[in-house]
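Novice: Can you read through this structure? Questions will come right after.
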């Protein structure tokens, strides 16, 4: 393994999520204060306070572009920085790397004193003010599994392998990791019920997803070509699209999911950049025999040659009894972003192909990431086949769906020989009521 | 007819849309200037510039609440004013009425000189910065007609008369009346095509809708009771949910419409208040024999007793040839908001029933307003039965769907004996390409 660049922030070296090679962006303040939230990057167990570095004029040595980008971090959201685009992000990231690397540690003492905040004493906020949130359905395994439960005779619809299927989600109810999630009430009607009844969802679920944020957008009436699409994706996050399956089954025809989803979606606090993920590109799962080639506006041979996002994604469950017994969360699934049928670049190019305008900070969700094996299914609906095969937890508890007090956590990481492992932190939420 | 309060703005008296009794809110500036857009109300052929009245201290006589509301109008959107809620709107409206009424015209000379802008010399903007836009499907006639084309064996789904069906629309592509509408390209696949092709929509349509804006919202995890729902609705607008029917047919399963709709939706520039509409309440169309009673969370007997929004809604078409021949637009349909199966109060109570949070300025669309008669169908898809029965225009042209150059305009008005007619102005867009 080649020698790895180290940080003078000791906790970063060997950190499972946040080594010097990651530097994900987030919005934070010191917990228990009324400070204005602001942009920082995670480094080891700490956060580098970018506005504090601006105030200390630490970016002066890096030129105008970097200073401009750093000033955009004096903000309670990443939107302004995202709107500056990819070149600006790369320049700022290079400067942050230089400030934090152990080989150029001239400012270390000053940063440590004035611009480093322990994550354990920080409050993290929604990193982005999302104008529009679109959720896709990019896992063919998820689509096939769910389809076979909702439409046994017609699991995968004929449009699936042509169209990156997506729908608009609710932006107002996006919350940051750690926010408790109230189980929604709504109309449910079983196949044998004469009429619907109203009450708390009994089939309460999570969906393990990744999200991508738009950087520079496009004007209404213009498109984003597939070859350019990746450069418009500013960064990636963890996403849990909580779902009330009983509400969904009754309401979703003909216009799609609505109250079954829009009561809350949780996103992770850290936005990981394409630069941090670049070393982990890997070949995408090959298309199945007989699958159509994507239409030209969705075809980028270069994209396929470069490979796709190679992230291992995991879901962890901890019940109230486990928490009381101080037992750790149990992993309920492990999947891979390489199993997605459509890439984020394809989702974005499709989304803008009709002239729909994207704004900085708009969020695209992958949809539930499920793989071909049972252990890689990204939601309870699939894992337990709608409750028919409940999960058996180590303490003897069983779960068909999530119950009150359950804490569900999503994680993601990238690792490979010759590169330093990076991760996304945690995207967690406890079910209330 | 009782004597009618007049305005000293002469053009207001007898105005088809904007008499003293209406006073709809909008956002404007003098055309051709770089003035900051700001809030005003339409009065006759003019706009009352509320920030100019604030600067002239004309609200001082009306007390703190009115002054607070008027200061919220020093803004390029109505959001701040909407967030102050219904009591604030009523107080400001009363003050504006007093300023504009001919019986208390002490400030007329000053207002005329400094705070009245001719609509003909004003530029109108999107009146609201919409956080989330939700479109419903509240016309049972529309749902039945469309259902019988998309699903001949199953036109009205079993959930329709229980659930106010809705879906999330795209906020970024909301545009104000007058904005040209680029016909979108996308995937189309006819039933006899082996594969989809990509190209401009051939079945390009409008949808005649009304929109309602949320005033005070609700916190995530709380609900809005049906009895309170109406007080959360700040005002109403015209809405055209442009639709590419060929894209829609191919993409909409299983997650609903997406690229078929999100390239643009046009809203009228004027937001009409509940107070202006109050005199026109009328009994709702009775539910059909055998229809289920709405579930308790959607039942407000008081609401039903008070009656519903009684608006006549119309769609007007003008082709390029008609424009070149200086022929006026032709009315292609006339409907009524009383034919909606679900009220806006029911839509809002349903939307928040799962704890989904609403923010000031969020937009709810009614969905296409169609009535039981052919002449009251609110989109080309229904009017021409998917093109099978084209419209015959007075100049001999025929239209199955909209074509390049066509200008589609939506209007709405309320009138009844004993009240002064009010209207919404125009919601118009020309199809480009």
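Just so you know, glycine gets a Cβ as well, placed from its N, Cα and C.
A quick note: this is a predicted structure, and the numbers were derived from the prediction, not measured.
So TrEMBL lists these for the protein:
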type	residues	note
DOMAIN	B:21-127	domain 'Fumarylacetoacetase N-terminal'
DOMAIN	B:133-431	domain 'Fumarylacetoacetase-like C-terminal'
BINDING	B:135, B:207, B:209, B:241	Ca(2+) binding site
BINDING	B:137, B:151, B:248, B:252, B:368	substrate binding site
ACT_SITE	B:142	active site, proton acceptor
BINDING	B:241, B:261, B:265	Mg(2+) binding site
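I would like each feature placed in context: is it buried or exposed, what are its neighbours, and how far apart are things?
Specialist: With DSSP states grouped into helix (H, G, I), strand (E, B) and coil, the domain 'Fumarylacetoacetase N-terminal' (B:21-127) comes out at 50 helix, 24 strand, 33 coil.
Listed in sequence order, B:135, B:238, B:239, B:240, B:241, B:365, B:366, B:367, B:368, B:369, B:378, B:410 are the same-chain residues at least 6 apart in sequence whose CB falls under 8 Å from the CB of residue B:209 (Ca(2+) binding site).
There are 13 other Cβ atoms within 10 Å of the Cβ belonging to residue B:151 (substrate binding site).
In the three-state DSSP assignment, the secondary structure recorded for residue B:142 (active site, proton acceptor) is helix.
Here the Cβ of residue B:241 (Ca(2+) binding site) has 27 other Cβ atoms within 10 Å, regardless of which shown protein chain they belong to.
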Novice: Provide, as an integer number of angstrom, the distance between the C-alpha atoms of residue B:265 (Mg(2+) binding site) and residue B:207 (Ca(2+) binding site).
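Specialist: The Cα atom of residue B:265 (Mg(2+) binding site) is 9 Å away from the Cα atom of residue B:207 (Ca(2+) binding site).
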Novice: If you count, for each of the binding-site residues B:248, B:265, B:368, the other Cβ atoms lying within 10 Å of its Cβ, which residue has the minimum?
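Specialist: With the binding-site residues B:248, B:265, B:368, fewest surrounding Cβ atoms within 10 Å: B:248.
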Novice: Looking only at the domain 'Fumarylacetoacetase-like C-terminal' (B:133-431), what is the model's average confidence as pLDDT?
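Specialist: Overall, the domain 'Fumarylacetoacetase-like C-terminal' (B:133-431) comes to a mean pLDDT of 95.
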Novice: Identify, in sequence order, the binding-site residues in B:137, B:209, B:252, B:265 that approach chain A with a C-beta to C-beta distance under 8 Å; the answer is 'none' if none do.
Specialist: B:137, B:252
Novice: How many Å lie between the Cα of residue B:207 (Ca(2+) binding site) and the Cα of residue B:142 (active site, proton acceptor)?
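Specialist: Distance between the two Cα atoms comes out at 10 Å.
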Novice: State which of the following binding-site residues has the fewest other Cβ atoms within 10 Å around its Cβ: B:135, B:207.
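Specialist: Taking B:135, B:207 as the binding-site residues, the minimal 10 Å Cβ count falls on B:207.
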Novice: Would you identify the secondary structure of residue B:248 (substrate binding site) according to DSSP, in three states?
Specialist: helix
Novice: Under 8 Å Cβ-Cβ from residue B:252 (substrate binding site), six or more apart in the same chain: what's there?
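Specialist: Listed in sequence order, they are B:258, B:260.
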Novice: How many Å separate the Cα atoms of residue B:151 (substrate binding site) and residue B:142 (active site, proton acceptor)?
Specialist: 13
Novice: Residue B:261 (Mg(2+) binding site): which of the recorded positions B:137, B:142, B:248 have a C-alpha within 10 angstroms of it?
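Specialist: Candidates kept after distance check: B:248.
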